[in-house]
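Asks: Dropping a structure here in structure tokens format, bear with me for questions.
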Amino acid sequence: MLSWSSVAFWEPFEDGFANGEELTPAEEAAAKEAAESKGVVKFGWVKGVLVRCMLNIWGVMLFIRMSWIVGQAGIVLSCVIVLMATVVTTITGLSTSAIATNGFVRGGGAYYLISRSLGPEFGGSIGLIFAFANAVAVAMYVVGFAETVVELLVSMDALMTDQINDIRIIGTITIILLLGISAQIFLLVILVTAICNYFIGSFIPFQSKESKGFFGYKAEIMMENMGPDFRGETFFSVFAIFFPAATGILAGANISGDLADPQLAIPRGTLLAILITGIVYLGVAISTGSCIVRDATSNNVTSGQFFNCSDAACKFGYDFSSCKASAESASKSSCEYGLHNDFQVMSVVSGFGPLITAGIFSATLSSALASLVSAPKVFQALCKDNIYPGLGMFAKGYGKNNEPLRGYILTFCIGLAFILIAELNVIAPIISNFFLASYALINFSVFHASLANSPGWRPSFKYYNMWVSLAGAVLCCVVMFVINWWAALLTNVIVLALYIYVSYKKPDVNWGSSTQALTYHQALTHSLQLSGVEDHIKNFRPQCLVMTGYPNSRPALLHLVHAFTKNVGLMICGHVRTTSRRPNFKDLANDQIRYQRWLLKNETKAFYTPVFAEDLRQGSQYLMQASGLGRLKPNTLVIGFKNNWRDGDMRDVETYINLIHDAFDFQYGAVVIRLKEGLDVSHIQGQDDLLSSQEKTSGMKDVIVSIDMSKDSDGDSSKLSSKATTAQNSPAIQKDKKSPTVPLNLADQRLLEASQQFLRKQGKGTVDVWWLFDDGGLTLLIPYLLTNKKRWKDCKIRVFIGGKINRIDHDRRAMATLLSKFRIDFSDINVLGDINTKPKKENIVEDDSSLCHTPTQSVVAFEEMIEPYKLKEDDMEQEAAERLKAEEPWRITDNELELYRAKEHAPGEEGGSVQCTLHVLAGHPVQGPSPDPPGPWQPSERPDLLLLKFCCLLDHHMNHCHRKKNPGWCNPTVELM
């Protein structure tokens, strides 16, 4: 039996919980209890969702456009139009229910649902336009109400000024009054009464109404109106006119923060509202098509006066055939009644006409009121997340219910501005497309979350399907273009622009979106697929394990390796930490998170991997064995050159050398990077700020920084020089304000300058490749990758090869052929004809501090250099020699010296650099010309060891070279030996 336990650590936030965090049941209960204790008013599913959705869906379309749609499309196609819209809204309702029941739902409605599912990019873009669409929808509904009032004033000849200005006046007064109205139940009662009034009236025929086209339910009228009779319209244009009536299903979800139980209220209220309103729309379509003819004149014209009458009305003693003739001839018709001609035909049918007018007022005002409440709530949630800087002032709430008063004022201003236009025929399609874009993304969110197969996606609402949600998203996109293609394009452009903006800003939020889950799922799937693919020489890329310690401890090492691995290969910053105390793994995990964020913040595409170990070698072995995943494993070890190898502890030197041998044993390539100034800047506390200021200002004369004088037993064994770093003096971790400030010495200033040299454009320099023998591998690959980068594009590759004096031209042509085969551009090939000649004594450099050397000048007195490290077993007894060898295994025996003597004088082997083929390429040797066959000492399958030596890159180095009157060797140079 297995048992699992977990401990959660969280920090308090202003509202009690982290924004967007999914709450546990205990935390959710605590939040509810806290809200109740403050007297916050919460709505149930009836008043909060069902009533709001029905009020928003039952708009003016029900009373003044539904009968016209039946006249154009007929009963059958009208039902198809209603069902199509209902299918789209039902699928969206199912998707909304699934998202709403997958965790704690806070305020924000559609924005909250989309942002927490797809992430801030989609949520931020949709949230802004959705809030704006709701604000403009207020104006649209208010103008609809004002137009109806103005029509009544016209009929009574009571206009105040003219129709346009009267709409503006009435609309302004109406939106002001709406700010103080909260009578949704009352409006719903009026609306339901008006609908019932129509259906009751349809069963009570009056003789006086027959001339206006109403005859009661007749089979003849129903059969005549069954088919379409499009007059200047098409099926899709009629559908485009009707669909905005269905865009109110999120009215309840938009106030999710004010619901007592959003997980219960949103599914139940939304789906029931869609069902009830859909049935009513279908009932009105069938009813109007069964009792009202398409055309009527209101005159008592009997069929006895005409002999060619064939319409259904003719059977009841009326002949309205002249109306159809007028419509076909496009002449002005005297027919003012019927489904085609009278938008107020439902008032004619109803038992009490003024009640239909009251229903129109109720429908428009309720829709306007729902939008007036929704827009500020959505906008407040968007501003709380700080997706768009500068909008934070609208996040503040007031009162017990945290009402967004500033958002109400903004919505009022936007609505009033569009009301003053008094003509929204162009704006209305854009609003519908904004709503449809939201519906499409809600459906896509469910599909995306299901596709990601995240364990966190487990909604309690089970009646959804990922493929149905995908179909719903596609349908929403299709409907957008059906309604208005240019408005759909405009909507997509706005969403894309906002998406790009939010992606560029990269808001610091983590909502556990399905985008993250799918990214993980795809990465895992592709990693497994990649593991089943054999390596091939064409796909080889350097995947580097860089021994940086803390990533900002050796900036030059980090920047150079990142220059040739960015978007090309894997880069892992390895860090071996040693401690005399018990390892603190919690701190190690925190450091891993902190420095990974540091790498991301500095746009360095790398991973930080720290380990605890007894010493550097053991930790490096851990990293080389365990770093990476599948094929995404390092194949190259990158370390810094140990500048103090002559003066330091020989055990540290032994560890350093064994580290390289371990890399060979693990079939790694080895790259050693050397800077004269050194690589480690960790002893300079606060160097991050100093380096950033260096990039902005040049020529600093007096630099003051904090030098950490403290010591700690928790060491950093990844240091490859004599300087040590601790957790306390690690840059970017802590800044001790009490540490003494002292001016930087000249060496540290030069060190800081050198550490940033690979962030600058390199200029027209050269990358010198010392081609020791024909082996392929990293020797040519790294220069090629470097010169492909923007900062290195002006640098040229210059190749040096060993050869013989009597065949220099042949060797140069052979190397040029090989480089052409490798498709590598080069500027020059230099053949060193005297490479096999032993150095003369006068060419041996006594001062190794010189920066600008030729290959021959780089030779040191090998015998003198290794003299202190010889075992000298001939000068002591065998037992003493063996004991000394065991105590100091780095001692060089005479046998080892003889074994490598041939290697010392091998072609191109001056300076002691070992050059071998990369193991990955060893199975696929490069076939090409070679100046000389490799000697017998060449290993058959060993990784590369590259020594990257950087010369003359700093200004004072350049001046030194020019003073030596040798500019040919003093160009900015990277030497690969």
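A Cβ is built for glycine as well, from the same backbone N, Cα and C atoms used for every other residue.
So TrEMBL lists these for the protein:
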DOMAIN    48-545  domain 'Amino acid permease/ SLC12A'
DOMAIN    554-905  domain 'SLC12A transporter C-terminal'
REGION    712-739  region 'Disordered'
TRANSMEM  49-69  transmembrane segment
TRANSMEM  75-105  transmembrane segment
TRANSMEM  126-147  transmembrane segment
TRANSMEM  167-200  transmembrane segment
TRANSMEM  235-253  transmembrane segment
TRANSMEM  265-284  transmembrane segment
TRANSMEM  408-428  transmembrane segment
TRANSMEM  434-451  transmembrane segment
TRANSMEM  463-481  transmembrane segment
Asks: Is it the case that the transmembrane segment (463-481) and the transmembrane segment (126-147) have 3 or more CB pairs under 8 Å, with pairs at least 6 apart in sequence?
Replies: no
Asks: For the transmembrane segment (235-253), which partner among 49-69, 126-147, 265-284, 408-428, 434-451 gives the most CB pairs under 8 Å?
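Replies: Looking at each of 49-69, 126-147, 265-284, 408-428, 434-451 in turn, the most contacts to the transmembrane segment (235-253) are made by 49-69.
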Asks: With pairs closer than 6 in sequence left out, are the transmembrane segment (167-200) and the transmembrane segment (434-451) joined by 3 or more CB pairs under 8 Å?
Replies: no
Asks: How about the transmembrane segment (49-69) and the transmembrane segment (408-428): at least 3 CB pairs under 8 Å, pairs 6 or more apart in sequence, or not?
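Replies: Between the transmembrane segment (408-428) and the transmembrane segment (49-69), which are separate recorded stretches, there is no contact, as judged by 3 or more close Cβ pairs.
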